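Report on the following structure.
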Amino acid sequence: MTTATISLSTLQASRPSVAARADAAARWRVADVEALYALPFMDLLFQAQQVHRAHFDANEVQLSTLLSIKTGGCAEDCGYCPQSAHFDTAVEASKLMPIDEVLDAANAAKAQGATRFCMGAAWRSPKERDMERVTEMVREVRALGLETCMTLGMLDGEQARELKDAGLDYYNHNLDSAPDFYGQVISTRTYQDRLDTLGNVRDAGINVCCGGIVGMGESRTQRAGLIAQLANLSPYPESVPINNLVPVPGTPLADAEPIDPFEFVRTIAVARITMPTTMVRLSAGREQMDEALQALCFAAGANSIFYGDKLLTTSNPQAARDRALFERLGLRVQGERPAVRTSDN
């Protein structure tokens, strides 16, 4: 039997159950994840929707807002990133944003319905002189009643503990791709560097936000390899952002061929099935997706988005457009009370 013709019942019998995944010895094999990808599209979405409904309200979406608190000039050579100092892009380097400007953005995000505020700095890793300011940002944003998330590059154990002591709820550090594709995109930071940072974050008691990027030229097997890596983290991340590559002029991936839209939906569904209780977040690339494709992603188990007009340096759908889509799909925003409808009759 080939993976292309494997039945749903056979796959369910062979792959680790949710209960078995609680055992650290139980792991997703890349072949099993690839077999999920190979299911008929409707079968895959049906299974993903079943898993989703078992753990979440299928008609609820969580909103996160992402702010670049330090843009450009990064020493890393990530081939997808316009903030890298290695590439000639339109991004201008900036210094770390003043705390009052961060708080203005956080208040605006909260007013628009975001429940989590993510702050990103284009660093290889934060310097000690910056830690006092970023920890103060965490404390001040948290005081507004928002969940806090940061992505600052690599962290050592002490830095992770400082962020935890400040009250940081989530730390984002993506794996980006499968190990066997990673070297084609990045040379200045190893895969193990990323895993070490995730370990430091876990050890400090901070929730992990970790995902990857599809559409960089990887194969389906390599997409399955990324999902397997994420699902086999012990435990798997509380949040998994799935990014659809936004090709940026001046970067090595500027001319990358776009991924098939149904393959992107399959990636969302496979992430949901392999990581049943995680928040699967639609991240970069939504501006290039039509509403029908986004609706399929929600049906496949996505239950979070980055909300707001900009993601670091790339565009994002306007908040009003997202709200209109939620209304048409009957999706409720997490943390908001349903609107009370009145009638003139």
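Including glycine, each Cβ sits where the backbone N, Cα and C put it.
The feature [4Fe-4S] cluster binding site is assigned by Swiss-Prot to CYS74, CYS78, CYS81. Per Swiss-Prot, [2Fe-2S] cluster binding site is recorded for CYS118, CYS149, CYS209, ARG281. According to Swiss-Prot, the feature domain 'Radical SAM core' maps to 59-286.
Listed in sequence order, GLN62, SER64, GLY211, SER239, VAL240, PRO241, ILE242, ALA302, SER304, ILE305, PHE306 are the same-chain residues six or more apart from ARG281 ([2Fe-2S] cluster binding site) with CB atoms under 8 A from its CB. Note: CYS81 ([4Fe-4S] cluster binding site) has non-local neighbours CYS74, PHE87, VAL248, THR251, i.e. same-chain residues 6+ apart with C-beta under 8 A of its own C-beta. It is 21 Å from the Cα atom of CYS149 ([2Fe-2S] cluster binding site) to that of CYS78 ([4Fe-4S] cluster binding site). Looking only at other Cβ atoms within 10 Å, the busiest spot among the binding-site residues CYS74, CYS78, CYS118, CYS149 turns out to be CYS118. Here CYS118 ([2Fe-2S] cluster binding site) is positioned 20 angstrom away from CYS78 ([4Fe-4S] cluster binding site), judged by their C-alpha atoms. The DSSP secondary structure for CYS209 ([2Fe-2S] cluster binding site) is strand.
In sequence order, CYS118, CYS149, THR151, TYR170, TYR171, ASN172, HIS173, PRO237, GLU238, SER239, VAL240, PRO241 make up the list of same-chain residues 6 or more apart from CYS209 ([2Fe-2S] cluster binding site) whose Cβ falls under 8 Å from its Cβ.
In the three-state DSSP classification, CYS118 ([2Fe-2S] cluster binding site) falls within a strand.
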